[in-house]
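J.: This is the feature table in Swiss-Prot:
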BINDING   19-26, 81-85, 136-139  GTP binding site
BINDING   26  Mg(2+) binding site
DOMAIN    10-204  domain 'tr-type G'
REGION    19-26  region 'G1'
REGION    60-64  region 'G2'
REGION    81-84  region 'G3'
REGION    136-139  region 'G4'
């Protein structure tokens, strides 16, 4: 059966829900799709639809970021429901790296929790420009004074991490009641989406640069071949274009035989799209998450590079102690994390939290990087620094 075609009539924005586990992110995602479906702007998704993998449903926790599509009057959104459990911060990083804006979900009954802080910090570190706050479970925590207190606390926290805490929209609602069809709470979802439309800026897309998609997932469609999915970081791609798969393994060349977005076929994928790309003659085991799909010759894999790095202060969620040459943390580039050893410049014995430093890094596996590539450095479940590549060497 021929797939329906994706019609590009509204600007496309990538957005996501972040926040502490069990504060209601997945329920809110389901509620948004269900409320918008009544206006013909989405396909209603239940909690179980959003919470896709069986392992997630058993634990009631979202692990791999899952995508939902919907529209408002002015925009087309891809909504990623970000994992909220501490073990899955890694997924949050790759999910958040794709977000043009975020909805921070906070249960009015609990207030700000450890992961609330961590997610705001991560959103800042991966460059999410604006956050809208949804104060959830207000049907349960009905005391307006308590709601005011939580709102005040979250505004202070947003300001502390470099967001505009004073002006950020804070919507008070109940994802569960909206999902159940209560009109009072459904109106709060409309209010939330109006805030998202107006507060989260339309991203500038680099469509004129060479094509690059960071591979997030790989699967096989029987009879058709291997599909890679991910967000197009830059450039455009058409069916029959040649592409290279770069990083982690030897570079491979292939041809694009199909492009899809939200189960609809696409003539052209462009920067900002969350697309599935069908590849000719590639087996599922030949390609993996963390590689990139690129215009041939536009980017090379490197194991060694020099970078300008900022080491986070303790107050920013970073280390309490200095780092020295030989330190081996994980380096997060797009959808991959690779261990690397650092070498500090001659004459520099150690780097204190809060310092900027130029360092050389040797990764244990080659990654597709170029001058200007951004990365985070993590160790033991927390971000300890971030930086950008200033020079690559083979």
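Backbone N, Cα and C define each Cβ position, glycine as well.
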J.: Based on DSSP, name the secondary structure state of residue 22 (GTP binding site): helix, strand or coil.
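T.: Going by the DSSP assignment, residue 22 (GTP binding site) belongs to neither helix nor strand, so it counts as coil.
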J.: What's the number of neighbouring CB atoms sitting within 10 A of the CB on residue 19 (GTP binding site)?
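T.: The answer is 27 other Cβ atoms.
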J.: At the Cα level, what's the spacing in Å between residue 19 (GTP binding site) and the residue listed as 'Mg(2+) binding site', rounded?
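T.: Cα of residue 19 (GTP binding site) to Cα of the residue listed as 'Mg(2+) binding site' measures 10 Å after rounding.
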J.: I'm trying to understand the geometry here, so how far is the Cα atom of residue 138 (GTP binding site) from the Cα atom of the residue listed as 'Mg(2+) binding site', in Å to the nearest whole number?
T.: 16
J.: Taking the region 'G4' (136-139) alone, what is its mean pLDDT?
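T.: Here the mean pLDDT over the region 'G4' (136-139) amounts to 90.
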J.: Most Cβ neighbours within 10 Å: which of the binding-site residues 22, 26, 138 is it?
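T.: Result for the most crowded candidate: 26.
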